[in-house]
Ligand code: 6R9
């Protein structure tokens, strides 16, 4: 990784102190860093006490067979009891757990007492279908309450779930069903997206025709849209019939802290998807702790909303397990941000008085593109902490988020973590950290991360390299499902004794961490390593640019040439001379070496459903190659759109 192109992020000098009222009442203060540094394991043992254990653990970490960790190994607990029942027992049964907002505008408030009844019924139903402790259940659902209930019901009976994105194809679903050997699938007839019912069940039917998925015994189908669904008698069952007739009381059984909780597949760039395995006690400890610390959640008064999809790890950790373990009241929204209008999210914030909002940089940049006047039309004064996750957030988007959504007053927490880490790892604390837009800044209390060079030596402040995690953490992945060797090779072989995350990063003069994107995305231009994140960030700092995606395309002269795809703010047509102006702008921000050779204005960028730009596909376009696998794209049609805009011959210098 280079140091030469880091000028832009490093010259970002804006600083934002935490608001006095947040600091005064903060759940976690600066003292936490000291306590954790003094005795890291004791710090985590203390966090584990936020949970209700049937048998308290006496052991914190067993690291005798690294990197196979055991956390709280002799403790026993039930995750669903922790997320639901104990809040009812504490007298909070009437507190709303979930404010569901359907895309068509229907809504439903579910209290903790109701959630307890529905999770109990669903747990009975799964048992009736022969699902035993340890059996895997696949969940393929839209963003409806039953998705959360299904996950909690699995957790309640100790059956690890494998949630598959509702937008994934039948093939992707079949591969995941086969790898996990799931025998029951929970789905729905469909869900509402972009103003219309969108079918899900047919994809399940198709997936189950694949030989690998033929062992599925039952499909439990939630009726959401009421659309016609093909039906296989004997195999398919309606949720409202099968779950609806079960008893409303169910006694949760405690499981070992290391009992598998879920498998979640990450696609990565090559090879078959990796089934990331998370277990029970350590995972729940860290998601509950980080949600409490980083969002400063006050369960009695806050209304929390995470806009992620349930099929993404953010949905698992920060829609389901973290917030519910903490007894939060949260919003669950089914649809897209612009249905029926571009202000839908802000209308929801106003309607429910959302105080804590967690979303992705891509969404923030899309809102920037739609214009400042959209959020300005709503009362967003309830908001008090804003979070970001999924990609590096460039300083311009960070500042816009704080200004136009947070009313210039809220802390913004940029949280770095991965499916593999299970929970947040590097993030500011809203009541403590002097915030730097664009930087995730510091490992959370109890977390050890650093940036190293090619040889694994820690780099000096002011230098860049590879982000590594140097000590085990409670919510770490335990392995790749069925493939310990791949687990070792992928994460633990690049640097001896350390976890390698695959991300590039840089430490600034204060030692704060700035994420630079996946190392696979780093470009090599005339012998210089240049990070895509930084060129994108430089482009977005130009007032005309809302969003940018940069790739390195093979080039005979310079090894790779920088190609940028940009979305213009306000969607206005491209003025003459803009491309030249943008190239000059990047050159000024980062130096002439980082100047894109080609810049193309587009209407959309190819993104995964979790909001990450698929640079691989843009590289295919930039190199005039046939497109690779597009099945994980939100909208495969985007690629045709971009291709149709390509000039027949690339514009040269
Ligand atoms: C939670 C999640 C993980 C990858 C990760 C990194 C990128 C996530 C980030 C960030 C910079 C942040 N990433 N958060 N990069 N700043 N705050 O996104 O999990 O889908 O597994 O992706 O996302 O590249 O390695 P996952």
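Including glycine, each Cβ sits where the backbone N, Cα and C put it.
For residue 338 (CoA binding site), the Cβ neighbour count at a 10 Å cut-off comes to 16, with all displayed protein chains included. Secondary structure at residue 338 (CoA binding site), taken from DSSP and collapsed to helix, strand or coil, is coil. Residues or ranges marked as CoA binding site by TrEMBL: 193, 194, 195, 196, 314, 338, 526.
Taken from TrEMBL, the feature ATP binding site covers 390, 391, 392, 414, 415, 416, 417, 418, 419, 503, 518. In sequence order, 264, 266, 276, 313, 477 constitute the residues six or more apart from residue 419 (ATP binding site) in its chain with CB-CB distances below 8 Å.
According to its DSSP assignment, residue 542 (Mg(2+) binding site) is coil. Here the Cβ of residue 542 (Mg(2+) binding site) has 19 other Cβ atoms within 10 Å, regardless of which shown protein chain they belong to. Marked as Mg(2+) binding site by TrEMBL: 540, 542, 545.
Annotated domain 'Acetyl-coenzyme A synthetase N-terminal' per TrEMBL: 31-83, in sequence order.
The domain 'AMP-dependent synthetase/ligase' feature in TrEMBL is assigned to 90-472.
Residue counts of the domain 'AMP-binding enzyme C-terminal' (534-612) by helix, strand and coil are 26 helix, 27 strand, 26 coil (DSSP-based). Residues or ranges marked as domain 'AMP-binding enzyme C-terminal' by TrEMBL: 534-612.
Sequence-distant neighbours of residue 612 (N6-acetyllysine): residues of the same chain at least 6 apart with a C-beta under 8 Å from its C-beta are 362, 390, 391. Annotated N6-acetyllysine per TrEMBL: 612, in sequence order.
For ligand 1, the binding-site residues lying close by, meaning a CB under 6 A from one of its atoms, are 314, 390, 419; the full candidate list was 196, 314, 390, 419, 540. Mapped onto DSSP classes, the domain 'Acetyl-coenzyme A synthetase N-terminal' (31-83) shows 22 helix, 7 strand, 24 coil. In sequence order, 103, 142, 335, 336, 339 are the residues of the chain that are 6 or more apart from residue 193 (CoA binding site) and have a CB within less than 8 Å of its CB. Of all the binding-site residues listed here (195, 314, 526), 526 has the Cα closest to the Cα of residue 542 (Mg(2+) binding site). Between the CA atoms of residue 545 (Mg(2+) binding site) and residue 415 (ATP binding site) there is a gap of 24 Å. Using a 10 Å radius centred on the Cβ of residue 526 (CoA binding site) and all shown protein chains, the other Cβ atoms total 12. Just so you know, of the binding-site residues 194, 518, the Cβ with the fewest other Cβ atoms around it within 10 Å is the one at 194.
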